[in-house]
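This report refers to the structure that appears directly beneath it.
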Amino acid sequence: MNMIDPFGRTISYLRVSVTDRCDFRCTYCMAEDMAFLPKKDLLSLEELDRLTTVFVEKGVKKLRLTGGEPLVRKNIMHLVRQISRHLESGALEELTLTTNGSQLSRFAAELADCGVKRINVSLDTLDPQKFHAITRWGNLDRVMAGIDAAQAAGLKVKINAVALKGFNDAELPELMRWAHGRGMDLTVIETMPMGEIDEDRTDQYLPLSLVRAGLERQFTLADIPYKTGGPARYVEVAETGGRLGFITPMTHNFCESCNRVRLTCTGTLYMCLGQDDAADLRAPLRASEGNELVSDAIDEAIGRKPKGHDFIIDRNTSRPAVSRHMSVTGG
Ligand code: SAM
C-alpha cells in the first residue's frame, strides 16, 4: 500500500493546512489585504478526518497540521482528537503542528492530552515592536504566554524563524541563546518566493550561508546527523549545548529526500511546495462513501510528484515561483 513516487521516494509525511486564514499577517507570508479560499469550498472536519485516515492507511506515519493558523479553525480540537486514534493504534507515529503560538495558552494542555508530543512555534523576533511590525497584527506577550503554556503542558517546542535581511539577522544569536536557554531547538528558514506580497522579496531574502558564517564568528557549530523527518539540517552549538537547524530551499534544495505531500483545507493535494501542479481530492472524496476513488486519485497524484522545486529570488525575477501564498499549503 505504500506511496512511492516516480523517483523512488516513499511518501510518509502529510502536511494538512486546515485553514488558510490566520490571525497574523506576516509581511513575507501574506499581503495585508488577502483573498481567502471561499468558505463554501472548505472540507468539513469530518471530511478532513476521512481524508487523513486514507493517507494513514496508505503509509503516512507523520502528520503535521498547519495553515494559515491551524488553531483558529473552529473546533480544531475535534479533528486533533479524532486523528489521535491513529496514534493510539500505532498506525501513525507522530501528530504535530506548526503554529504562531497565539492560541496556545488555550489549547496546549488538550494538544498534549491528544498525544501531541512536539510542536513548532514560528517566532522571528523577541522585540515586541518588531514583532508587531512583522506580523502586522500579532502580540508578542500572547505568543510568549502560549510558549509557556506549551512547555508547562510537557510539549517539546521548536522555534522556527524566517531569516530576514535587515530585520532579524543581527538578532539571531540572541534568539538562539534564548531558545536554547529554554531547552528549545531553533530552526532558521530562508524566505521562499510564494505568492504576491506587499514588499520586494529581494529586499528580504537572506541566504543562510551568510547566517551560518556570521554565527560561526561567535559560536562553534558542529554538523550532526539529527533528523526530525523534515528538511532541516542540524548543527550542535557548543556554547549553548542546543541544536540549530537550517532550512535552505534557496541555497541548497533538499528535494532528493522529500517524503512529503501537502493537503489544503479545500482538499487540493500539492505534491511539491514549490510547484503549481495539484490534484483535487474533494470530488473523489464526495463522489462515494467508500474510499476507493479517493485512494486511486492519491495514487495518480503521487505518480506525478515532481523531482523538486526551482525557487529563484533576484531582481530579474519579479514573479513568485508559485502564485499561492505559503498560508494555502502551510509550512
Ligand atoms: N500560522 C502557522 C505559523 O505561523 O507557524 C502555520 C503556517 S505558517 C505559513 C508556517 C511557516 O511558514 C511559518 O514559520 C512562517 O514563518 C513560514 N513562512 C511563511 N511564508 C514564508 C515564505 N514566503 N518563505 C519562508 N517561510 C515562510
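FYI, residue positions are counted from 1 along the chain as it appears here.
Yeah, the Cβs are placed from backbone N, Cα and C, and that goes for glycine too.
What TrEMBL records for the S-adenosyl-L-methionine site is Gly68, Ser122, Met192, and among Tyr28, Tyr234 the residue it adds there is Tyr28.
Lys158 is the only one of Lys156, Lys158 that TrEMBL places in the GTP site (with Arg15, Arg64, Thr98, Arg260, Val261, Arg262). Cys272 is the residue from Cys114, Cys272 that TrEMBL records in the [4Fe-4S] cluster 2 site together with Cys255, Cys258. Packing around Cys22 ([4Fe-4S] cluster 1 binding site) is summarised by its Cβ count: 23 other Cβ atoms lie within 10 angstroms of its Cβ, all protein chains included.
Remark: Val261 (GTP binding site) has Ile11, Tyr13, Leu14, Arg15, Leu269, Tyr270, Met271, Ala301, Ile302, Lys305 as non-local neighbours, by Cβ distance under 8 Å and separation of at least 6 in sequence. In this structure, the binding-site residues Cys26, Cys29, Cys255, Cys272 were compared by how many other Cβ atoms lie within 10 Å of their Cβ, and the smallest count belongs to Cys255.
Proximity to ligand 1 (Cβ under 6 Å from any of its atoms) holds for these binding-site residues out of Arg15, Cys29, Ser122, Cys255, Cys258, Arg260: Cys29, Ser122. With a 10 A radius on its CB, Tyr28 (S-adenosyl-L-methionine binding site) counts 19 other CB atoms from all the protein chains. For the domain 'Radical SAM core' (6-225), the model's average pLDDT works out to 97.
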